[in-house]
C-alpha cells in the first residue's frame, strides 16, 4: 500500500513538537527554519493596484513618505486619473478591486492607534517581530486581533510586504482575514480576524489523537484553503498545527490558517529554492532546494498523520535528527496506534507523503479520494426547497441594487464577524462540491435544483451579478454579501466603515477618481468610459454636485434614498 520503507520506528514521545515561548497567535516558533529571500520576484506595495516592482522605500513600509501630510492621521490618496482622457466609446461593466477593502493608513503619532482601538494588555501571542493583542474598535465595538510589529526588529521588509499583499488577495472561510494596516514611526499594525478558540496544536496535546471523522472535518478545511490559495498560485510553506486556530471554543468551531509570512507566489511549472518551514512539517524537497506547491500537501499529510495517532511521522531528539529523517522520507504505521485506522486513511496519508513531489497527489484530487468521499456523505447538507427559494429571493434583491450599494455591501460582508453568517457559511460550503473555496454557477444550480428552463435563465443572470470582482466565480464574500441581512445597513458605524474604503483621502466625499481607484474592467485593468463612472455617481448623487457625500451614501445604504 505505502511506498515508504518500514524501517523507521517511532522514537517514542512527541519530542519538542513546539517549544512554548509565550507565542503563538502569529505562529513564530524557535524551531522555524531561518527564512531567506525567494528566487521568485520580490513583490512590494504599489500606490493603486499593488503591482510587482523592485524598488524599496526604506523609510515607510506600507506608504510612501510623501503621503505624510500636516493632519494627524491621513489615509493614502487615490491615484490621480484624468477622466477626460478615457475612451468614451467603451461600454463596459465595472468590477470591484476587492484588495482595496483592506485599508492602509499612516498614523502621524505613535499613540493614534489607541484613539481607534482599545488595546488589551493581555498578549494573545508573541513572535520575533512583536506581539499580538486583542483590540476593540471604539466606533463599532467589534473585537479584532492586532499584530504589533516593531519596525526596528524587521530583518526582511520584503517578506513582510509580500505577506500583506498575499493576505489582501485572500477570501476563504478558513483563511485568516486582514482588515486594516496602520503604520507609525516605530511600528506596523496588522488588524486581523480575532480567533479565540486556541491552536490546533493545543487540541492535539489535550486529546492525544482524533477520530477519523473529527480528523476529516479538520483536514477538509485545510485542503479547501490550500485548493483556494494554490489556484491563485500561492503557497503557505509553513503549515503546522501552531498556525491553525479555532475561531471560538465551540465544538463545531471552524479553523483558520494563519501566519502567511513564509507564503510566496509559485507559478505552474516554476520551482522555488528558499529553505523555509518547520522541521516536523517541512517537505524533503524544500531541504533539497527545489520544490513547488505540493510542499504544502506534504505538510498537510504530516498534520493528518499526527491527528490520527498523536505523534509525528518524522520524530527525533532534536531538529537535526528530525531533518535527517525527513530527508529520508521513511515512516511507518505502528500497529500499536494504527490498527484501528482505516486503510483508506493510510492510503491518503501515503499519497500526501509521497517522497517524489511530482507524483504527490494534487490538492484538487483529494476531494475525490475514497476516504474523503466516505465522510463527505456523512456530512452532506441538504438544501431544501424553502432555503432554495429564500436564496433566490435574496439574489433577486441584490441584483436590483445600484452598483455602489452592491460594492459597499461587499465591503461590509468582508468586515463582519463570521458568527454573523453561521447559516450562510454552511450553505456556501454545501454548495462548494469540489472543495476549492469558491463557487461556480454550475455548483449553485446543482444545489438549488431549479428545473424550469425559464427560471434557469433568470437565475443564471442573477448569479452573474453576484460576481462583483469579475473573476468568473462567486467568492466567499460575494456570496455572503448577497445573503446579508439589510437591517445592519441602518447602523451608522457600519456604513461609515464602508464609506471610508471609497473615500481614499478622507475628505468626506467620494469622487470619480476615487471610484476608479476601486474599480477595474474584469481582469484586464482596462479603463472605463467617462459616462460609466458618471452614471455610477449619479445613481447616488442626490444634489447633482458630481460627488457622493456621506449623507447621500447613508441614505442609499439604509434605503431612505428618495
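Numbering starts at 1 and runs along the chain as displayed.
Every residue, even glycine, has its Cβ placed from backbone N, Cα and C.
It should be emphasised that the depicted structure is a prediction, and the values quoted were computed from it without experimental measurement.
Range 394-402 is the one annotated as motif 'J domain autoinhibitory motif', of 376-384, 385-393, 394-402, 421-429 (source: Swiss-Prot). Looking up the ranges 363-372, 403-412, 433-442 in Swiss-Prot, the one annotated as motif 'J domain EF-hand interaction motif' turns out to be 403-412. Swiss-Prot lists 467, 469, 471 as binding Ca(2+) 2, and of 478, 490 the one it places in that same site is 478. Minimal Cβ crowding within 10 Å, among the binding-site residues 432, 469, 503, 514, 541, is found at 541.
Put simply, residue 434 (Ca(2+) 1 binding site) is 19 Å from residue 467 (Ca(2+) 2 binding site) when counted between their Cα atoms. Remark: secondary structure over the domain 'EF-hand 2' (454-489) totals 24 helix, 1 strand, 11 coil, with classes taken from DSSP.
Counting same-chain residues at least six beyond the ends of the region 'J domain' (394-429), those with a Cβ under 8 angstroms from any Cβ of the stretch are 94, 96, 98, 101, 142-143, 171, 173, 177, 179, 193, 247-248, 254, 381, 383, 387, 439, 459, 461-463, 465-466, 468, 476-484, 486, 488-489, 494-495, 497-499, 501-502, 515, 518, 536, 539-540, 548, 553, 556-557. Across the region 'J domain' (394-429), the prediction's mean pLDDT works out to 89.
Ranking the recorded positions 238, 443, 467, 507, 545 by how many Cβ atoms sit within 10 Å of each one's Cβ puts 238 at the top. Using Cα positions, the member of the binding-site residues 471, 503, 543 nearest to residue 434 (Ca(2+) 1 binding site) is identified as 471. The Cα atom of residue 471 (Ca(2+) 2 binding site) lies nearest to that of 436, taking the binding-site residues 126, 130, 436, 505 as the candidates.
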